[in-house]
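The structure appears below as structure tokens.
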């Protein structure tokens, strides 16, 4: 697997900078933190079981200073082969990815890795509910969008050269929400909307 | 989170030892390796999308020797808060854990952590399909068993002091299989059986 500079969701300098600019009464909370709190909220209330997957690490060296502890002394971040979050809600399989962007009019597609797109395609084929949660940091706008739209724009890249998803697509096909009370990221509302639409 | 000695599925000395004793034409393949190959098989054929979750690591120190690489120089294994495997099959949420034991007549319950049991309970409540895959290394016998049985025996511990699941429970309530051709661990067969039983 390829080594990468900054893994998704890792507390990198870039993310810390973005966090400080999303401080709208949420004390500079990152999108990841907001989702983790929402997961916890849904879990505690018995509404859904969703966890963030651990960051994949390539371990090179491990020391055993004593019998009770293993200490990793050399390791690297690996590129995740799936999305960051998955779980179960009323028997439905949920799968999503979170992205923050400082762009005001579009989400650059280089926020995604090819295998993440491929994973979303595979999940949709297995009738999983798969979507992205996007924070337009400078606009203070939050959206959820079905993975099928992301895949569509990903595939358009090779055809028309467009390397982003316009914010208008989020406005017309997505689900906009304002993080206020818990759950800050009310993704189950969006999932309910998808289920209602699909069962029509 | 608590630091642990050997994380599940990590290439610890204990696991390597167990691997060499499970060499029955599978070239000393560990149960984890067999499951990973089975996941890949199901994925390649478009049958199911199941991945092993990365081992959770607590990162303490990271070096940036140059702009393109981050090198972790101090980290520790954390205890997983969920099971190791989950994914989607025909819209169903799948969740399972794999355990190897050298015991011949029972699976010791200390193979599980309390939060893993709790996670399985939560998944079952959300109508997920949740089970364990167990390899009795010395017997060369392999079973799948619904998580509800594991939870039952876990809860019995405090009542009758029994700290294990007898192999008879696997024989009467589980699904026995012989790893031969791909998929070595045919867990989708077991999932189909669970679905058929539940839809009756």
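Backbone N, Cα and C atoms are what each Cβ position is placed from, and that goes for glycine too.
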Of A:74, A:97, which one shares the Mg(2+) site with A:82, A:84, A:116 in TrEMBL?
A:97
Could you tell me which of the ranges A:1-23, A:24-46 is annotated in TrEMBL as region 'Disordered'?
A:1-23
Recorded positions in contact range of chain B, given that the Cβ distance is under 8 Å, out of A:82, A:84, A:97, A:99, A:116:
A:82
Could you tell me which three-state DSSP class residue A:84 (Mg(2+) binding site) falls into?
coil
Could you tally the C-beta atoms, other than its own, that fall within 10 angstroms of the C-beta of residue A:97 (Mg(2+) binding site)?
26
So if I draw a 10 Å sphere around the Cβ of residue A:99 (site 'Transition state stabilizer'), how many other Cβ atoms end up inside it?
17
Distance, residue A:99 (site 'Transition state stabilizer') to residue A:116 (Mg(2+) binding site) (CA atoms, angstrom):
12
